[in-house]
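All remarks here apply to the structure that follows.
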Amino acid sequence: MAAWLLFYQILSLSIFLCPSHSADPDPLQDFCIADLKDSPSVNGFPCKPASTVTSEDFFFDGLSREGNTTNAFGTSIKQGNVLAFPGLNTLGISMNRVDFAPGGINPPHSHPRATESGVVIKGKVLVGLVTTGNVFYSKVLTRGQMFVVPRGLVHFQQNVGEGKALIFTAFNSHFPGSVLLATNLFGSKPSIPDDVLAKAFQVENSIIDGIKSKFGA
Ligand SMILES: *[C@@H]1O[C@H](CO)[C@@H](O)[C@H](O)[C@H]1NC(C)=O
């Protein structure tokens, strides 16, 4: 009996002392400009020597220009993550720029390592997300309006306005990762067996082959 009591006391103490972190771990120094030429260590990249750090390391203009939306999805995604902007290394944040042609979509996807927030800069955008309980939430947003997507949940955006649309998104990870559902399932290398996908989606193998062919598998 006493042993169980002790067990529960230790358990509740450990839960209290070790809250789960929902974002990247806190850095223990002011900055750590990533040295991308070195291989990633367990959590992030090694730091450039502080003596070689310049102002340029803290600025990034990769999100300043409109992207090319001439593609199957009618969307361009420019990523401002640690790979593009090494100054973000260990800081637990990053941003994307998403340009949409009329009707363009940022297809259903999830970020395994980050919660996302976003703001519409131009146009009219349908933002949707689905919970782990398969409940769909959505809203059409216009300029200045903001959204949030809890970490890991499947979500998408679609330009439902007449003209172009533009959003900026922000993440609580320097490298949120993106699981693009369609590509993940139908364009993986090597391919997931047709039988598995046919059963999962309750369709014939030929339909699976048809979808796979569109994702280069
Ligand atoms: C946009 O991408 C398309 C398809 O790859 C290409 O044909 C076109 O030249 C690009 N436009 C610009 C302005 O770069």
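Glycine is treated like the rest: Cβ placed from N, Cα and C.
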Per TrEMBL, which of C18, C47 is disulfide-bonded to C32? C47
To see if you understand the setup: which same-chain residues, six or more apart in sequence, place their Cβ under 8 Å from that of H111 (oxalate binding site)? V149, R151, G152, F171, S173, P176, G177, S178, V179
Around the Cβ of E116 (oxalate binding site), other Cβ atoms found within 10 Å total 23
What's the CA to CA span in angstrom from N96 (oxalate binding site) over to C47 (disulfide bond)? 23
State the three-class DSSP label for C32 (disulfide bond), counting H, G and I as helix, E and B as strand, and everything else as coil. coil
C-beta crowding around H155 (Mn(2+) binding site), within 10 angstroms: 22
